[in-house]
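Pulled from Swiss-Prot:
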BINDING   ASN121, ASP160, ASN173, PHE207, ARG404  ATP binding site
MOD_RES   SER172  phosphoserine
MOD_RES   THR176  phosphothreonine
MOD_RES   SER196  phosphoserine
MOD_RES   LYS264  N6-acetyllysine
MOD_RES   LYS326  N6-acetyllysine
MOD_RES   LYS334  N6-acetyllysine
MOD_RES   LYS426  N6-acetyllysine
MOD_RES   LYS433  N6-acetyllysine
MOD_RES   LYS468  N6-acetyllysine
MOD_RES   THR496  phosphothreonine
MOD_RES   SER570  phosphoserine
TRANSIT   1-60  transit peptide
Amino acid sequence: MACELRAVLLWGRGLQTVLRAPALAGVRRGKPVLHLQKTTVQFRGPTQSLASGISAGQLYSTQAAEDKEEESLHSIISNTEAVRGSVSKHEFQAETKKLLDIVARSLYSEKEVFIRELISNASDALEKLRHKLVCEGQVLPEMEIHLQTDAKKGTITIQDTGIGMTQEELVSNLGTIARSGSKAFLEALQNQAETSSKIIGQFGVGFYSAFMVADKVEVYSRSAAPESPGYQWLSDGSGVFEIAEASGVRPGTKIIIHLKSDCKDFASESRVQDVVTKYSNFVSFPLYLNGKRINTLQAIWMMDPKDISEFQHEEFYRYIAQAYDKPRFTLHYKTDAPLNIRSIFYVPEMKPSMFDVSRELGSSVALYSRKVLIQTKAADILPKWLRFIRGVVDSEDIPLNLSRELLQESALIRKLRDVLQQRLIKFFIDQSKKDAEKYAKFFEDYGLFMREGIVTTAEQDIKEDIAKLLRYESSALPAGQLTSLPDYASRMQAGTRNIYYLCAPNRHLAEHSPYYEAMKQKHTEVLFCYEQFDELTLLHLREFDKKKLISVETDIVVDHYKEEKFEDTSPADERLSEKETEDLMAWMRNALGSRVTNVKVTFRLDTHPAMVTVLEMGAARHFLRMQQLAKTQEERAQLLQPTLEINPRHTLIKKLCQLRESEPELAQLLVDQIYENAMIAAGLVDDPRAMVGRLNDLLVKVLEKH
């Protein structure tokens, strides 16, 4: 009955089945047991056939089957190698010895990464072979990675069918540090007392990671070049290694790790499978453990975005980024014009560290052509400022034989970079509209990269595209609410040509700045910029959407901003007379000497007694900060040529006018402090501690009156 039902079901799917009568196999536990004969399933068509998975001898019983069909195993690992000829001894390079000493003392929690590192090396060897053969138009052999555990012997073996190594390559690759990651690893540890799993996990130490768990490491390798002999490489990590010619070595590389007594758990199949699933599930080649296929092999960037689940994206992100978090944003981008592109990009959830921000780090995006790896980290596929992006780019337009040098200079790569940059910018703009709060958190964490993009990009149109991603608080909006340059421009009154901004550490200081106070009379919206590099960024941007970006400090001294626009409507008895003002300014010029270029009156201020104006103050401030020049007030004044503008209605200025004749000593202390306060408000004083003595003197003078 069951066989008949199966035939009906298969027929309903457009298939026909040829069934043979079951044969009595015998009796088990008093119940009849039947064997199904070999079954063939065929498509309805003259040339299509599909063999079913039911084999002769499979149990069919009235009880639950106790014996499952054995999964077919496939392994290339066998003990065929034998050393022949003489053995040559070599010493490790000094840096390699240091690295081996570090990994030998690594913490237990770090040790599992050796599996990831060796699988990664095997994958690289296969990629190199595939790339070579595809370029030469040759047929590809079976390209696989095999792992084998042996609990009795306490070993774990990894073997690939990749490009293999010659004797010279064994000496060079396994005796010296050639990987930049290993060099960076050593440099990162110079200032650390202990090794860190984060550092080992971040850099990786390639082949040498095997010595974290090994008493002895055997390597058998044979180059894929025709008629190449095989070799054995052997070391216990003590400082020397041996190389000898060996027979029975198949093309590729085989590594046998003899585990330390406290690392025998890595000879357990389940332990190794857990590590592979954690780190190497998306290796681009079939991965076998003790003969069983264990990895997911899908170029998901080639799939339809609708067919990929969030879980698949998370797993793939963790693999390519070697990370443990989830992607904050995911962009699956496919297009056929102007270039053929299949790509997936991820933004990490974790906030970047200072190391991640470093411009020394390259791209973390892999470049493929027709699923053949060109570069693991293609430095030129995205502009430098987008180095926080993780992902994969595949383009059929890229020739497989493109060298690293041509990759840097290729017009095709430049075009690809421009297309991807524009698409990522558009994606971030879309995300900001979709979820403003989530985007604001992203900008808080990654905004430094966008500022860098504006500063380092030469083309103005690209600068302005990146500038659409910037976010600032505004005088026209409540505290905490962010706005963009396009939004600011949309609120501008007709005929307005400038976008105004003010750089300050926080909103309170911005709103109480004398420069913002001077702008309030114009009823003009001002962007508040709080980050260290905002000023430099906007200086480089210069304009946006044909509107000039102007600091409110600069606006005060530009030619079109005439003083007569501000009329003093206060009663005459509340301000100094014109003659008193002229006399006071002359006295102040003399009292301040070379520290000021000029002293003049302003009616822009209300609550502040004075302010300093400098032509292009933002640029001047940045210059002083970067060059660390002009330590004294006189040196700074010589560079800045500041003008001190005083408010004749302010109590301090009116009192100063009286004191300059009645108490000249106190008046000098007061004018020095007014000037210093104005310089601090302008951000032109790095260390205000120098004025503490003067403040104490002023307090003493005040107390003498009481």
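Heads up, the Cβ atoms here are built off N, Cα and C, so glycines get one too.
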Across all protein chains shown, the one of the recorded positions ASN121, SER172, ASN173, THR496 with the most other Cβ atoms within 10 Å of its Cβ is ASN121
As a whole number of Å, the Cα atom of LYS468 (N6-acetyllysine) is distant from the Cα atom of LYS433 (N6-acetyllysine) by 12
Cβ neighbour count within 10 Å, max among the modified residues LYS334, LYS426, LYS433, LYS468, goes to LYS468
For LYS264 (N6-acetyllysine), the number of neighbouring Cβ atoms whose distance to its own Cβ is within 10 Å equals 15
Among the binding-site residues listed as ASN121, ASP160, PHE207, the Cα nearest the Cα of THR176 (phosphothreonine) belongs to PHE207
In three-state DSSP terms, ASN121 (ATP binding site) is classed as helix
Counting across all protein chains, other CB atoms within 10 angstroms of the CB of LYS326 (N6-acetyllysine) number 15
Most Cβ neighbours within 10 Å, among the recorded positions ASP160, THR176, PHE207, goes to ASP160
Comparing the Cα of LYS264 (N6-acetyllysine) with the Cα atoms of the recorded positions ASP160, LYS326, LYS433, the shortest distance belongs to ASP160
Three-class DSSP assignment, ASP160 (ATP binding site), comes back as strand
